[in-house]
Amino acid sequence: MKIGILTSGGDCPGLNAVIRGSVLKGVISYDTEFVGFRNGWRGVVEEDIVPIVRHDVRGLAKQGGTILGSSRTNPFEGEGGGPEKIQEMLDRNGIDAIVAIGGEGTLTAARRLYDEGGIKVIGVPKTIDNDLAATDYSFGFDTAVQIATEAIDRLRTTADSHGRCMVLEVMGRHVGWIALHSGMAGGAHAILIPEQPQSIEQIAEWVESVRDRGRAPLVVVAEGFKFDDMAEAHSHKGLDAFNRPRLGGIAELIAPMIEERTGIESRATVLGHIQRGGEPTAFDRVLATRLGMAVVDAVHDGAWGSMVTLRGTDIETVSIADAVGTLNRVPQSRYDEAKILFG
Ligand code: F6P
């Protein structure tokens, strides 16, 4: 049995731990051979394949990024794209199955390849945003929360020294899990997430109540947050026609609005790709390793079109169809719980 592994979409701490988990499990338990497709689906379409042996995964659990590289290539595009060409490529190289490690886009493509062409593919969920349905947590999320929490702790000392309001922007295009968890862990006075639009009046009220208690206000905002009153935001000429900040991130729009309304000097920090880089936390290493091992079992069971997933503390297998199409959003109850601590 020969398995081809790929990592696709935005990188994520823990990808290398999945590769290591798979290779060790495959070599030790099944005498499986492994190859890697370089740069995600691009390696599949362009037949860019490298061997992976046990020696290659030594010490890899703690290494950030992905040794295979990544891209956002669509496997249905390009000369070698589409299920027929891909099956020919797999046959030519003696590859029996593909393990696709990726988020919503990668898994949707994997499912289509299986549904439309019978490609033997199994998915492993990956996202720092924790926005994938059908898994309780995805690896990379814990690391991102840890990094964002450290940033909040650091911002707090400089905020206190100057009596400033700090606005920290974290990742989360569609969901606010990183903002919610880091904001709770770091004791933020307001958490702004895509699932819960707010008015600038409400944000200013939270900030002022913190100032009135003699504290320096700290606001955490997910990059996908939007005001509930877009007219108000447009009046600041900060958003484009798609409601995206014109310059910089949403934090750079909100900080001056807070300053204008409250008179509190405000600063914006955009954490950006720092929260996706570096070593994964121990939690993410363990989760990624377990998923990597489980996907090899799934391959040997012939569970094509499925995805390995975390349910409670168990690793299970679900259909990829159950994991794509719906996002794992922050529920109202979790936001209400955090909101008690605002202001
Ligand atoms: O989907 C993960 C994510 O980290 C998002 O939170 C963020 O919006 C996006 O990737 C950034 O993508 P890129 O690395 O392509 O700029």
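Backbone N, Cα and C define each Cβ position, glycine as well.
Automatic, uncurated: that is what TrEMBL annotation is.
What TrEMBL lists as domain 'Phosphofructokinase' is 2-299.
Here TrEMBL flags G10, R72, T73, G103, E104, G105, T106 as ATP binding site. E104 (ATP binding site) counts 21 other C-beta atoms within 10 Å of its own C-beta, drawing on all protein chains shown.
What TrEMBL records for E104 is Mg(2+) binding site.
Here the Cβ of G105 (ATP binding site) has 16 other Cβ atoms within 10 Å, regardless of which shown protein chain they belong to. Under DSSP, G105 (ATP binding site) is assigned to a helix (H, G or I) in the three-state scheme. The site 'Important for substrate specificity' annotation in TrEMBL covers G105.
Annotated substrate binding site per TrEMBL: T127, I128, D129, R164, M171, G172, R173, E223, R267, H273, I274, Q275, R276, in sequence order. Under the DSSP three-state reduction, I274 (substrate binding site) is assigned to helix.
Annotation source TrEMBL lists active site, proton acceptor at D129. On its own chain, D129 (substrate binding site) has G103, F141, M171, G172, R173, H174, V175, W177, I178 as residues at least 6 apart in sequence with a Cβ closer than 8 Å to its own Cβ.
For the binding-site residues T73, T106, T127, the largest tally of other C-beta atoms within 10 A is found at T106. If you take every residue in the domain 'Phosphofructokinase' (2-299) and average the pLDDT, you get 94.
For the pair R267 (substrate binding site) and G10 (ATP binding site), the C-alpha distance works out to 28 angstrom.
In terms of Cα spacing, the binding-site residues T127, I274, R276 that come within 10 Å of E104 (ATP binding site) are T127. Of all the binding-site residues in the list T127, I274, R276, the shortest Cα-Cα distance to T73 (ATP binding site) is found for T127. When other Cβ atoms within 10 Å of the Cβ of G10 (ATP binding site) are tallied across all protein chains shown, the result is 18.
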